[in-house]
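> Sharing a structure below in structure tokens format, with a few things to ask.
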Amino acid sequence: MGYITSSQKPMFVSLTGPVVTTSMSEFDKSNIRKSSSFHVFVPVVCASCVSFRNMAPGPGFSDEKNETLCESESTVYVHNPHLDGMKDDILYHFNLGTSTHNLPAMFGDVKFVCVGGSPWRMKSFIEYIAGELSLEDPKAEYPNICAGTDRYAMYKIGPVLSVSHGMGIPSIAIMLHELIKLLYHARCTDVTIFRIGTSGGLGLEPGTVVVTKQSVDATFLPRLEQVILGNTVVRSTDLDQGLAEELLQCSKDLGQFETVIGNTMCTMDFYEGQARLDGAFCSYTEKDKQDYLTKAYESGVRNIEMESSVFAAMCKLSALKAAVVCVTLLDRQKGDQLISSHEVLHSYQQRPQILVGHLIKKMLQTSASVAVLDKKTVLQAPTT
């Protein structure tokens, strides 16, 4: 993760090495240099802000324009030196590309991204947030930006992007690779990303919303294991705790439904991987199931789903502020199948978007207030 410290020294983190700090005098500003393990930025300090130029600009519509970032702003990071030499970066599953689309113009103003499993749910979210932010008529038609492919759906209104990710770790991982590159090529800053969805609860009443503290694997450890070139790579699944607390406070402000912070168990399967008894195959007993779910609960797990671990890991690698917000549709210690009515389940599914929508609105209002104060400060500043 790169940022400017109070002493205006840039800090860079390599995937393979420790944190390295360096003063600006060590840079030759007349030369653009590349790093084999991470992208380097050339800092140019002015009186009140820091301007960055990406040393490895994206292909296509990318240009030599300097991006001016205040010290409080943060960028989206990719960790792939091979992108530097690509004439065009094709985001295949989005049907977008750096030479065919002006990504900075299309997405450069994005500050919030919300992802969820189904295309219908993400279109519903963009309609909901449009109404909440009074940006457009929520009944208006919102075109699917990824209409040229049937893999994912994408919708945008103002600074909010809504994207479907399908079901399971492989599907959301593919989407996230291309989403992170999209945000990077679009030169987005200060992006907050949410995953909203449904889950099975543990020891909670159906309809309870769980904001994830940590995503844990099926052995209750906070990690994502991935095999790369035959080697097992373990990545952290920590999420932004400050963001989780903000969501919890928003739920208290709303007073509409129960919300808790707890660990989320991310599994590779919906049936056996989640100790269900109703799959096509089952080699364990009811007692085995209950013993396992009890251990999960005692370890801090409050819900079960299939995407949070890779979501948390990839967002952390990209320096994206992230949260997972899922509603529980049933208590898995009391059953495996959904018996609530369609109407009740539909109302449950609205809860994560209501909570996230409330926080987005609150954050935008806060940003607007700060901008007004900053403008007044500038206008009132004495001239020399």
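Any Cβ shown, glycine's included, is placed from N, Cα and C.
Quick paste from TrEMBL:
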- 111-360: domain 'Nucleoside phosphorylase' (DOMAIN)
- R151, R195, I196, G197, T198: phosphate binding site (BINDING)
- Q274, R276: substrate binding site (BINDING)
> What span in Å does the phosphate site cover, taken as the longest CA to CA distance among R151, R195, I196, G197, T198?
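So the binding residues stretch over 20 Å, Cα to Cα.
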> How big is the Cα-to-Cα gap, in Å, between T198 (phosphate binding site) and R276 (substrate binding site)?
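Taking the Cα atoms only, T198 (phosphate binding site) lies 16 Å from R276 (substrate binding site).
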> What are the non-local neighbours of R276 (substrate binding site), defined as same-chain residues 6+ apart in sequence with CB under 8 A from its CB?
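Result: F270, C282, K289, D336.
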> Sequence gap of 6 or more, C-beta under 8 Å: which same-chain residues meet both conditions with respect to G197 (phosphate binding site)?
G116, G117, R121, E305, E307, V324, V325, C326, V327, P352
> Could you round the CA separation between R151 (phosphate binding site) and Q274 (substrate binding site) to a whole angstrom and send it over?
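About 26 Å separates the two Cα atoms.
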> Reported as an integer number of Å, what is the Cα distance between Q274 (substrate binding site) and I196 (phosphate binding site)?
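Cα-Cα, rounded: 19 Å.
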> Radius 10 Å, atoms counted are CB only; among the binding-site residues R151, R195, which position scores highest?
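In terms of Cβ crowding, the pick is R195.
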